[in-house]
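Participant: According to TrEMBL, the record shows the following:
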- C:142-435: domain 'NADH:quinone oxidoreductase/Mrp antiporter transmembrane' (DOMAIN)
- C:20-38: transmembrane segment (TRANSMEM)
- C:45-67: transmembrane segment (TRANSMEM)
- C:123-141: transmembrane segment (TRANSMEM)
- C:147-166: transmembrane segment (TRANSMEM)
- C:178-197: transmembrane segment (TRANSMEM)
- C:217-243: transmembrane segment (TRANSMEM)
- C:282-300: transmembrane segment (TRANSMEM)
- C:320-342: transmembrane segment (TRANSMEM)
- C:354-373: transmembrane segment (TRANSMEM)
- C:385-404: transmembrane segment (TRANSMEM)
- C:424-442: transmembrane segment (TRANSMEM)
- C:463-483: transmembrane segment (TRANSMEM)
Amino acid sequence: MPSLLMEILLVASLLLLGALTLFNRHLVRACTWFVLFALTVSFSWWWMGFPWLASIELLLGAVLTGAFLFHALGVGPTAKRPSGLLAGWHDHPPPRGRALMRLLPALAMLAMLGLALEDLAEGRASVALWSCGMGLLGLGLWAFALHRHLIRRLLGFNVIGTGIFLILVSLADETERAAAHGLIITGLVVAMLGTALGALLIRRLEALEAQHGRQHAAGGHAI
Amino acid sequence: MSQAWLPVIALAASLLVVPVIFALPERAWRARAVVNLGAALFKLLMVIVMVFGLYQGRDYSFRFTVVEGASFLLQVDAMGLMFAGLSALLWLATTAYAIGYLEDSPNRKRFFGFFGLCIASTVGIALAGNLFTFLLFYEMLTLSTYPLVVHRGHPAALRAGTIYLRYTLTGGLVLLLGVVAMHVLVGDVSFGQREMLADLGPDAHPMLIVLFVVLLMGLGVKAALVPLHGWLPRAMVAPAPVSALLHAVAVVKAGAFGIVRLVYDVYGIGLSHELGLLSLLTGIAVVTILYGSVRALSQQELKPRLAFSTVSQVSYIILGISLFGPFGTIAGLSHLLHQGLMKVTLFYCAGNYAEELGIHRIDELDGAGRRMPMTSLAFTVAALGMIGMPPVAGFITKWYLGMGALQSGMPWVIVVLVASSLLNAAYFLPIVHRLWFRPGPAHGRGRWPEERNLGRFETSTWLLLPTAATAMFSLATGLLAGVAFSPLDLAIFMANGEYRP
Amino acid sequence: MIERLGLVSNALPAQAEELAALGGVLGLPLLLGLLGGLARPARGWPVAVVGVLPLLALGWLFLQVAGEGRVWTVPLGPLSLYWRVNGLALLMLLLTQAILLASALYAPTYLRVDVQAPARRQAWFWPLLGLLATSLSLIWLAADLLLLYFGLELMGLVAVGLMLLPGKADALVAGLRYLLLALIGSLAFLLGIALLLGAWGRLDLAGLTEAAEPGPLLWVAVALLSAGLLLKAAAFPLHAWLAPVHAAAWTPISALHAGLVIKASFFIALQLWLVLTPRSAPAAWLVGGLAAAAVVWGGVMAWRAAKLKDMLAWSTVSQLGYLLLGFPLLVGTDSTVAAVAWEGTWLQLAAHGIAKAAMFLAAGNLVLATGKSHLRELAGASRRFPLALLSFGIAAISLVGLPPSMGFTAKWLLLNAALMAGQWIWLAVLAAGTLLSAAYVFRVFRYSFVEDAPSLDFRPVPWSMDAVALVLALASLLLGLVAEWPLSLLRAAGGES
């Protein structure tokens, strides 16, 4: 009974944290939510009895990915106030109608998956895990369709990835667990490296832009 | 063993010249001339050796598999040798001519490199032993002539080059589709294996007719059959040796030669006749002959007039092979050579007038016979040959064409021949008249557009000698038509093989 | 068809020697890449000397399989990884090493003369190049989805890294877009694998062939896998990212990317279709439709492109359409058609890989010489730098598919297969592709033959750069006549059936 309760609690908190990560207007806060989300995911792995996955998720997902995200925003231990151009950036979400329109591809995707997994998911381990994964996938896809901003898309990418990992674990039984874990670890590394590359790129672009802006400004003075 | 390599060596001789020429520096024109002329002579020698071998019944063939179901095959037969001989002879002449013509002009290295490639493709076309190999060299010819057409690099040349490519690449593509379809239908057909198509039976006949039309469209572009001839008059902007080569051997003849191969060596004359394809060819040839002649009449410049004359004259070849019977075959095949010799002479002459006196328009030719007697004499001989006057080569063709028409039961073709000869006369005789009987700058009236005094004689020796030589050849093939190894003799040899298996 | 892919079901544990050969092929490029990063060669010859080593390793691997395809299992903890070595894999490995070696030979001079990038950034080039070779080899050799996923992701990230090296704003923006697309593609791929794993409990391709049953789950999984892969392969509606990426990257990287990286995704996609849904002809026709659109649209855009590198990028989109025609010709057709289409597809892949790499290198030389990137500014190029133009032209012959090039032979086979299958429509597609490619390629020559160009100042191109491009171009031309040789390699190791 407590395990069921715990399961429900975990699913609910994961979905909530995922939604907060994806739809919080303020980027720095969204990234903070993401770190919390990753910590919860790590805890879930541990709770399910996968300490290895939990520690890798903790290291790669929460610590490193979080660090790179904050680096992209220009938030660091030395500079407490965000200095990146994007840090104070607020999204202007599209009007409600269009936002709902963009939900459609995510729903279509979910429906397709549901159709495919109809008879498969029944005999398998955890319905809760499976539905949580689907939920995160749907949220992530929607966020991906909704936002154009790179960091938001990186966040969306990470959340979708987590959703897929959960689905993967829910589908794999004992004999296939090794393969599933191999896939998940690869996926985690890829997600971390992808985020890292994206973050470094954003910083570099900002630097170039700032340089360009200075030159521009200097030229303006000369005239 | 060594015999199988003979066609390969002949091909390689002209192919290997290309990298050598590209490697030589632009200024080394003497070395280039030696390499060019040496290779041309060597190739002529190889062809002569192969002709003798063929008469002794030797079999030269070289084959390797490119992909399953398609092989690269070089083989030597009378028809191929005839074309190879023509290309070897005219390569020699045109190389000499081009050396003189391009003296002191830029990009000579590029010109001679692609020129060599163009001739190598022609040899390949002549020695190709199946449709696949033929296609290889046919496309190579397209590519190697493009830089020659746009050689001058001015907008008109570039425009002509684009149009040339549009026509020939599309034609090549259509030919490719046809050849692929042929391979799927019957497999790899070597030239001369006529029974393969004949054995297919009547069920395949509609398909075969469609295939023939497709292949004909592919080949007809280069053969400048109406309505696929549009590129030829525009390609006139190329330098004179290129025009001469394009019209006499390389491009136009490659198309005509392909059609000859198609009719005789792939379908077989019997099957072509049975399928009614020969009447189709006759129709196309007649239209092209008359259309070309009429258009030639209205041209005011020399080279375009010659170009339309080519459109018309090449179709004599098609007409000849489309007449079912040995005489038609003889006419068609011998005209392949005759037209080459005469047309190359005419273009050399046009080039000489343009280089020496700056003449491009026909009305500027008044009295040029006095200033340039040798060139004008050569021009007159070739023009009379084109009209079909004895004893020049053209007469032989027309004579046999008439006999072939009677033999195949199509006497109306004779009317076409007469009409065409009259048209030929109508556009060539005024030029001859202007050359000899109109007073012009040489008589103290007016001035030449741009006189240059290129050589000790009437013009540069490099230009004059090839002109005289090809004119002599045109005359000799007519006069000595009955002698062994003459084009007529070869054509009779082949016609015998065709109709008496 | 499974036998052609070398996926025999009796997998054997790899012997020590076989493992060593495998390790050599996979590990040596990486090792040499690290070495290159430390040494930063400034000339081509040390690269040439060292670059032979992976080829030797490949030869050793070839000796190990000795004429028949093998599947080896290599245990890794509780997992067992499946490796497949057959004619196809060997051919792809050879192609990879050839193009990589060419790029590596081109790079030192290029980096020194043209880019003049800071040393730190140049140092990154070599390890990434080695890593790219390793990941590509992994993809050709992998016979289970876990390895494929790993290889694909590694390749994607390395490719992004290589794109970013120029460090200029346009390269960064293009790289950013490429990164996002690669990540999306990998998510779709992972989801597809998850479904397969959940449904049939195994990831090795040979096992999946037997286990997989048609049904909605399989279709959704294949759709996800293909969507992810085709996005990475720049197949028709998902191609928009390609042109900016190519335009901004360093020349040898563009060559590698167009020649190999895109092909790897295509390779995986085709392989998965043949393994999972070998009979689903209607879906394959859908891909065929995309192929047709790619050929025409890519061709038209290449024709209209103003810059040399853009033209080449769009031509990649168009040429990839030829490859995608392999789907309708291989999936659900009878064995005689499939046999011809099989050879045609891989020959086309190799032909385009070599020819496009040569064209990029030659184009890089032209751009270096003129200092301009527009087609119009090539006026007079035929006189001033004939060698670069010659390489470009020879490679273009293969691209257009004119004889006697490799592209021609491949097109010949594809046309044959299309006619034999009675799928006439692909004839029209191939014909349109040929004409369009001729149209855009000859635009370059048209400009280069212009004579009355103002004589701008030109930089001389180092001979080694010209030589590399020329050798690659000649290979693409002459391998067409002896295509029987690569094809026999394709057949040799377990390709007969």
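Just so you know, glycine gets a Cβ as well, placed from its N, Cα and C.
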Participant: Are there three or more C-beta pairs under 8 angstroms joining the transmembrane segment (C:385-404) and the transmembrane segment (C:217-243), sequence spacing 6 or more?
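Facilitator: No, the transmembrane segment (C:217-243) does not contact the transmembrane segment (C:385-404).
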Participant: Okay, the transmembrane segment (C:20-38) and the transmembrane segment (C:123-141): do they have at least three CB pairs under 8 Å, pairs separated by 6 or more?
Facilitator: yes
Participant: Can you tell me which parts of the same chain pack against the transmembrane segment (C:320-342), counting only residues 6+ beyond its ends and a CB-CB cutoff under 8 A?
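Facilitator: Non-local partners: 1, 4, 233-236, 239, 262-263, 266, 270, 273-274, 277-281, 283-285, 287-288, 290-296, 298, 348-349, 352, 410-411, 413-414, 416-418, 420-421, 423, 426, 429-430, 433, 490, 497.
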Participant: Within this structure, do the transmembrane segment (C:354-373) and the transmembrane segment (C:463-483) have 3 or more Cβ pairs under 8 angstroms, counting pairs 6 or more apart in sequence?
Facilitator: yes
Participant: Between the transmembrane segment (C:147-166) and the transmembrane segment (C:424-442), are there three or more CB pairs that fall under 8 A, provided the residues in each pair are separated by 6 or more in sequence?
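Facilitator: These two stretches do not touch.
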Participant: Can you work out which residues elsewhere in the same chain, 6+ from the ends of the transmembrane segment (C:147-166), have a Cβ less than 8 Å from its Cβ atoms?
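Facilitator: 81-83, 115, 117, 121, 124-125, 128-129, 131-132, 134-136, 138-139, 141, 172, 174-175, 178-179, 182-183, 185-186, 189-190, 193, 229, 232, 245, 248-250, 253, 256-257, 261, 264-265, 268.
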Participant: Using a Cβ-Cβ cut-off of under 8 Å, list the residues of the same chain that are 6+ residues beyond the ends of the transmembrane segment (C:20-38) and lie near it.
Facilitator: 14, 47, 50-51, 53-54, 57-58, 60-61, 63-64, 72, 74, 83, 85, 93, 100, 104, 123-131, 133-134, 137-138, 141
